[in-house]
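Heads up, the thing below is written out as structure tokens.
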Amino acid sequence: MDNQVPPRKEKEEAAQAVELGTFLWHIHPHPTPHGTCCYNPGQLIFFKYESQKRISVCCSTKNPVYNWSTEIQGIMLSSIFYGILISQIPAGYLSGIYSLKKMVGSALFLSSLFTLLIPLAAEFGEALVIICRVIQGLFQGIALTTQQVVWIKWAPPLEQVRLTSLSLSGLLLGPCVVLLITGFICDSLGWPMVFYIFGACGCALSLLWFVLFYEDPKDHPCISKSEKEYITSALTQQVSSSAPSLPIKAMLKSPPLWVISLCNFAFFWANSFLSLYTPMFINSKFHINVKENGLLSSLPHLFAWIFAILAGHMSDVFLSKNILSLLTIRKLFTLLGLLLPALFSLCLLYLSSSFHGTMIFLILANATGSFCMGGILINVLDIAPRYYGFLKGFTNVIGLTGGLVASTVTGVILSQDQDSPWLKIFFMMVANNVISLIFYLIFAKAEIQDWAKETQNTYL
């Protein structure tokens with residue numbers, strides 16, 4: 001294939017549109033596996049504690065506070081996560097059958113609509129809030145998975161990682177913006193306005209999505225003929241003419257798929273722990289509440305966003321200039337994305353004697369995980385493009401489960417071990433990353449697997 005590509009304006013605009021979608025998806029009052037809402041504003045939005053940890057009812061119309069127990073809070077804040085988890089595999093499978101334009105646009109609109117309803121639901125009680133958040137999670141899970149399937153028809157092999165990392169980087173930019181502005185919105189306008197503003201932005205974006213997005217390059221009115229021919233000719237091997245049946249048995253016996261899933265588990269584990277618990281670690285070490293400073297809290301996410309875009313560009317440069325093979329590129333970026341966060345996490349334990357040094361290592365530990373954008377997070381598209389939606393949902397489920405397990409295990413260790421809990425927690429994360437990486441380096445593949453080719457006839 002000729003490595004010279006025509007102008008990329010249309011594809012870059014498409015990537016930026018999907019990035020904006022993932023950005024707005026992620027700045028909705030949104031869960032992490034631990035169940036925070038809008039990240040650090042979660043407690044500010046719903047709950048206000050007295051110094052004795054007793055919950056009081058506030059009559060302020062701008063910032064109402066509700067008398068909900070800690071158990072209800074935990075269920076409420078984590079309920080959206082279970083909605084996301086449940087929808088991953090069905091959304092991935094249906095993305096290969098139904099219109100992506102309708103699925104992504106409808107999911108984003110309905111998720112945004114339920115975001116707008118959260119303050120009203122809170123007035124009627126916790127049960128309605130939980131129901132709204134579960135439904136909201138279902139639609140957010142659909143949007144998360146199906147929007148990535150767009151690139152099966154839009155991203156030529158030499159530009160796949162750059163375009164997908166640009167679009168997915170919205171997931172990293174969203175938290176950065178949230179941490180910077182939600183505290184100000186809550187203080188000046190009240191916490192319900194957080195939901196109203198982000199919900200309205202999501203609704204507006206969904207309408208733009210329906211107007212501006214095209215599922216197939218050949219249907220786009222603004223793309224030149226040469227650009228259309230380049231994209232379609234480059235993707236002849238990965239675009240299926242019909243909805244394929246799923247070779248479940250072959251998938252379950254595929255070592256490359258399982259090592260991708262294993263590394264997703266480790267990646268989400270590390271990402272969840274670093275996002276949720278390192279501020280607590282810094283507070284225990286220096287008695288400084290990083291979460292109260294929006295700028296400090298947003299810096300790890302900002303640098304993660306920058307590194308994600310950098311990883312995409314570097315990966316495609318290595319491939320287009322034939323510097324490295326595709327498999328070597330995937331292994332290299334997976335190694336960087338799993339090993340560097342582990343190393344910088346150890347530096348947090350042993351080499352960070354000052355607050356500023358600790359913040360530097362924290363930022364690097366979060367940011368370098370974005371190198372996985374050029375590795376495991378795109379590798380499924382290499383080995384099985386015909387089943388990308390379904391398998392992306394499958395690997396997302398395993399990854400999200402890793403995030404849930406990480407937050408649960410970390411909480412248990414912190415509550416039971418008073419002597420050296422952080423040592424155990426960090427080493428557990430490091431061991432998880434290193435073990436997963438070793439298996440990936442041994443079993444990973446970057447070519448289309450036999451069971452994923454058009455000629456495959458044996459199905460379950």
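Cβ coordinates come from backbone N, Cα and C, glycine included.
Looking at 36-56, 393-413, the range tied to transmembrane segment in TrEMBL is 393-413. Away from its own ends, the transmembrane segment (359-381) comes close to residues 151-152, 160-161, 164-165, 168-169, 172, 238, 256-257, 260, 263-264, 267, 270-271, 274-275, 278, 282, 290, 296, 299-301, 303-308, 310-312, 314-315, 329-338, 340-341, 344-345, 347-348, 351-352, 388, 391-392, 395, 440, 444, 446 of its chain (Cβ-Cβ under 8 Å, at least six residues beyond either end). Most Cβ pairs under 8 Å to the transmembrane segment (257-282), among the stretches 103-122, 163-185, 425-443, belong to 425-443. Outside the transmembrane segment (332-353), and at least 6 residues removed from its termini, the chain residues within Cβ reach (under 8 Å) are 263, 266-267, 270, 274, 278, 281, 311, 314-315, 324, 360-362, 364-366, 368-376, 379, 422-423, 426, 429-430, 433-434, 436-437, 440-441, 444. Across the residues of the domain 'Major facilitator superfamily (MFS) profile' (14-448), the predicted structure has a mean pLDDT of 81.
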